[in-house]
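Chemist: Pasting the relevant annotations from TrEMBL:
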type: DOMAIN; residues: 5-106; note: domain 'LOB'
Amino acid sequence: MGGNSPCASCKLLRRRCAKDCIFAPYFPPDDPHKFAIVHKVFGASNVSKMLQELPVHQRADAVSSLVYEANARVRDPVYGCVGAISFLQNQVSQLQMQLAVAEAEILCIQMQQEPMMPTPQIDPDDKSFLLQNNLPHQYLNFTSSSNNVIHDSLKRESIFGHDMVS
């Protein structure tokens, strides 16, 4: 920083803070823990190289990400941020399941409270019901041989070479 107080990184590394110190804008002297944890996880040299490779307008976001990752890595040395993300994804999944159960319960309650609508009895020979409900004409010309179609499809050989239905 070059002024009265060196930045947190220069203070921790016990060196003189130059005017062009790359750490000064991002690690102020009043928050030494921020740099200490980043230095512990990534090392001052690596952080310096990362910041130098980035455009100036992206450095603040990069430092914020490094601090977050370093804190996560200290809390969970094996998984770091990935552990936190995984935990949150599992939590979202559980909450979505709870929401689906609650919605299903609401639907069940609503269906129990609604009066039952009588279902119309359909005469198989009466095609007027199908015409009134605008069903395509192919449904009007069905034959009673649908039972044979099901039986014939089940008669095909299974993957083990035996007849499924005899």
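Using the three backbone atoms N, Cα and C, a Cβ is placed for every residue, glycine included.
Bear in mind that TrEMBL entries carry predicted annotations, made automatically and left uncurated.
Bear in mind that the values here come from a model prediction, so they are computed numbers and not experimental data.
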Chemist: Count up the helix, strand and coil residues in the domain 'LOB' (5-106) according to DSSP, in that order.
Modeler: 73 helix, 0 strand, 29 coil
Chemist: What is the pLDDT of the domain 'LOB' (5-106) when averaged and given as a whole number?
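Modeler: Average per-residue pLDDT within the domain 'LOB' (5-106): 94.
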